[in-house]
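Notes follow once the structure below has been shown.
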Amino acid sequence: MNVVPILLLILDGYGLAPDSTGNAAKLAFTPNIDRMLAMSGGTQIHASGRAVGLPDGYMGNSEVGHLNIGAGRVVYQQMTRIDVAIENKELDSNPILLDLFTKVKSSNGRLHLLGLLSNGGVHSHIRHLEALLSIAKEHNIQVILHPFMDGRDTGPKDGLKFMKEIVSFLTSTSSGVIGSFCGRFYAMDRDKRWERIKLAWDAIVHGVGLHVEDSVKALEQAYASGETDEFIKPRVMGNSSVNCVQDNDAVLFFNFRADRARELVSAFILPDFNGFDRGRVPHLSGIATMTMYDKEFNIPVLFNHENITKTLGEVVSALGLLQLRIAETEKYAHVTYFFSGGREEVFTGEERILVQSPRDVATYDLKPEMSVMEVTDRLLTAWNSKKFSLIVCNLANPDMVGHTGNIKASISALEAVDNCVGRIEKAVAEQHGCFILTADHGNVEEMLDKSGQPQTAHSCNPVPLIAIYDGKPLNLKESGKLGDIAPTILSIWDVSIPNEMTGNNLLSSE
């Protein structure tokens, strides 16, 4: 073990992209960062899409970025986790799903699938629903679908194409029928507006609502009368309540995001529920949810929360070394909670420094330097104490000012950051330590869209990874990802990489 002190500096929202009028990173005068980017040995790493556990083409973000960096592996987000389980057929043998099928068969009941009909990828995805329908069909399960129309994470009338798709799928595969449908305004409230949930409940359980024969035509008629997806009033298929949730039936909620599914689930399972008068409450043979909605529910979950162990922070602590996490308020949770794999408690030997972000401005383009000077001052004091083997620091400016869409202010932010980067690099070299410069995702390098309009969102661009040890750049391999940083740090120390840390060591022997 050769534990040289390492300072990991994360420039939040600093991606790499070609020169353009919207690339504030190229427009700014940043001699220190530019010099490091030009060094031989540095590399670009992926910070978006599947490389960080998100769906292909999805931009990275600070939470996911720090989670991957700290975990030293690809941490699949819920949607991608389910996608992967479908691709490798793990969903087909999911024990909770199979147990639900068993309960349905033993009770001679039906399985009701409830969730958002959408490809928005925020609460659900239609491909997850279609996979569930296919698997249920293979097990000869009678399925009744109660879709909720989106209109928030998709266009206000995009629901028609999703309804056509799912009707076509149900028809071609003979995998089920639609029992009712309504807008998410009713079925997915999260503010205890129980009068909305009651309308969805009454349609799903009691068959109360506007009765229709054709879901596609009914949706078209709703549009014609001024309703849009989010606000589609509950419709019940057919003239009776035969396809409503009955005794001995089972229910599966297929949303993977919890917050807007909890209220309707609670109406099904809580004996002391008092949100509204439920009327007849069906005695279910089983109920399950795609992910953990609430620990208090105590019901089966197809994809439980992953317990991320052997993170970089945990390994450093187990080695008996001291570590420091430091950031200003806007990014403090990222270098602590997310970097530690979703752990709030400090590790033994871990210290934290929180620097207050400016409160005297409404938006950070009015103060683009934010608190970077104080963060740097306190960081250098800690570094020069020679107390810590690992310091993790986040500089928030590129991301937070980039989000304002103000290119001029973003240039000022980057120039303030560059000054601090130069100071930090010099201090690390003086202590013969290792300085690692990277970012969690892109933003400030792509501030205009293709039409020249302001773009305030993150990007899918790669980010830099530069390691300078004792004043000299280390040679790093290409085609890495954020999850490779932690294994690389352990390799610099010549420490064995735990099996849980499945990222790659990017140190090159060349």
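For all residues, glycine too, the Cβ spot is worked out from N, Cα and C.
The feature active site, phosphoserine intermediate is assigned by Swiss-Prot to Ser62. Other Cβ atoms within 10 Å of the Cβ of Ser62 (active site, phosphoserine intermediate), summed over all protein chains shown, number 25.
As annotated by Swiss-Prot, Mn(2+) 2 binding site applies to Asp12, Ser62, Asp440, His441, with the evidence given as sequence analysis. DSSP classifies Asp440 (Mn(2+) 2 binding site) as coil under the three-state reduction. For Asp440 (Mn(2+) 2 binding site), the count of additional Cβ atoms within 10 Å of its Cβ stands at 33 [all protein chains shown].
Cβ neighbours of Arg260 (substrate binding site) (same chain, under 8 Å, six or more residues apart in sequence): His123, Arg184, Met188, Asp189, Arg190. Look at Arg260 (substrate binding site): DSSP puts it in coil. Annotation comment: Swiss-Prot describes His123, Arg152, Asp153, Arg184, Arg190, Arg257, Ala258, Asp259, Arg260, Lys331 as substrate binding site, evidence class sequence analysis.
Per Swiss-Prot, Mn(2+) 1 binding site is recorded for Asp399, His403, His458. Mapped onto three states, the DSSP output places Asp399 (Mn(2+) 1 binding site) in helix.
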What is the one among the binding-site residues Asp12, Asp153, Asp399 whose Cβ has the most other Cβ atoms less than or equal to 10 Å away?
Asp399
Out of His123, Ala258, His403, His441, which has the highest number of nearby Cβ atoms, where nearby means within 10 Å of its Cβ, if these are the binding-site residues?
His441
What does DSSP call His458 (Mn(2+) 1 binding site) in the simple three-state scheme?
coil
What residues, ordered by sequence, lie under 8 A Cβ-to-Cβ from His458 (Mn(2+) 1 binding site) and sit at least six positions away in the same chain?
Gly13, Ser48, Met59, Gly60, Asn61, Asp399, His441, Gly442, Asn443
Closest of the recorded positions to Ala258 (substrate binding site), Cα to Cα, picking from Asp12, Ser62, His403, Asp440?
Ser62
Maximal Cα-Cα distance (Å) across residues annotated as binding substrate, namely His123, Arg152, Asp153, Arg184, Arg190, Arg257, Ala258, Asp259, Arg260, Lys331:
32
